[in-house]
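Colleague: Dumping what TrEMBL says about this protein:
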ACT_SITE  Lys40  active site, proton acceptor
MOD_RES   Lys40  N6-(pyridoxal phosphate)lysine
BINDING   Arg138, Met315  substrate binding site
DOMAIN    246-373  domain 'Alanine racemase C-terminal'
ACT_SITE  Tyr267  active site, proton acceptor
Amino acid sequence: MNPADAIRPAHVEVSLGAIAQNYDAIRAHVGTAQVMPVVKANAYGHGLVEVARHLMTHGAPCLGVALLEEAIVLRQAGVTIPILVFGGVATRQIPQFIEHGLMMAASSIDKLRQIDEAAAAVKTKARVHLKIDTGMERIGVHWYSAEKLLEASLQFSNVEVAGIYSHFASSDDSDLSAAREQLSRFLEVLEFYPKHGLQPPLRHIANSGGILQLPESHLDLVRPGIMLYGVYPSKETLRTVPLTSALSWKSQVVFFKVVQPGSPVSYGGTWRSDHQVRVVTVPVGYGDGYFRALSNRGSVLIRGQRHPIVGRVCMDQFMVNLEWGTAYNGDVVTLIGSDGAETITAQDVADAAGTIAYEVLTNINSRVPRVYL
Ligand SMILES: Cc1ncc(COP(=O)(O)O)c(C=O)c1O
């Protein structure tokens, strides 16, 4: 869609080229490890199907998502490469995983048995990745109880163990001791394979933090999410891979006014000026996923200048103080992205809202049209 054709003067621009460029930069950084792009949560707000299709065409060997539903949407959109669903598998979902040829996470012998039976019933082989919990306490068999699962996984003739994985809880920290401990627990579990003279399946643990900060965690495959979209996982994380931001969020000035001294602005009257100011209204709000926490804290770019949000962010609109600056109806307002020499990053918005860049991106909802560049 051309931004000029949008009914609503607000849209997100996604550069698929930037995502492909980040994918290539990650590949160059991890050497022989495969790269599994993570496209869950609407590809971190960038558009599940568009991003997945582009990466498939660009040569990605596989994809990772969180939910069965996300994987089915991709299959229905013609995405044919292997897809791993990271989340836990409910028994009733198993036939659908098999029908759509999706790889599931398995972390108990009981679940492996159910998968084996369901695959046998339709005379096929189901593909699983064994999930080991090395210190996140989310899903997976604990590392200290994993051996029995690995042994059992060899017994089921209708189950192909395509991979074995774990997930870091703190790989984006400056203190990497907890992540190193997780990695060493994972490597300990993996000793099972050489000990029994077996070739291990694909071994993977690295998310963006691991990719950037722990080269020894790259193993056979890495699972980049946030960095694929050109955003570093935290301010502390080492920037060992150059990234290009893929998303801009733009709107337009829809109303201009002069506000008299003492006049309260927006719900609850939380802001007023002691002198006359020019204030413009922007047609974006928390109903689009722009945080209400940005009230009196966030800023936007208009005509290359940074201006503060004043008063509360409403559901569909917010106000910006120009002081005595200039803006006209129709001027571009940049919520995330660059205008002239100024840039507002997803991390800047996260800092102002008291959250992380992941939440800023995934929070931009379907009311905001995506435009692909
Ligand atoms: C299992 C798994 N792997 C990889 C990722 C990607 O993480 P990141 O966006 O930090 O690279 C996630 C996201 O949280 C995940 O849940």
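For all residues, glycine too, the Cβ spot is worked out from N, Cα and C.
Keep in mind that what you see is a predicted model, and the values were worked out from it rather than measured.
I'd like to know what surrounds each of these features in this structure.
Modeller: For Lys40 (active site, proton acceptor), the same-chain residues 6+ apart in sequence whose C-beta sits under 8 angstroms from its C-beta are Gly64, Val65, Ala66, Leu67, Glu70, Phe86, Gly225. According to its DSSP assignment, Lys40 (active site, proton acceptor) is helical.
A 10 Å cutoff on Cβ-Cβ distances gives Arg138 (substrate binding site) a total of 12 other Cβ atoms nearby, all chains included. A coil conformation is recorded for Arg138 (substrate binding site) in the three-state DSSP classification, outside any helix or strand.
On the 0 to 100 pLDDT scale, the model's mean across the domain 'Alanine racemase C-terminal' (246-373) is 98.
Reduced to three states, the DSSP call for Tyr267 (active site, proton acceptor) is helix. Counting only same-chain residues six or more apart in sequence, the Cβ atoms lying under 8 angstroms from the Cβ of Tyr267 (active site, proton acceptor) belong to Gly311, Arg312, Cys314.
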Colleague: With DSSP as the reference, give the number of residues of the domain 'Alanine racemase C-terminal' (246-373) in helix, strand and coil.
Modeller: 23 helix, 49 strand, 56 coil
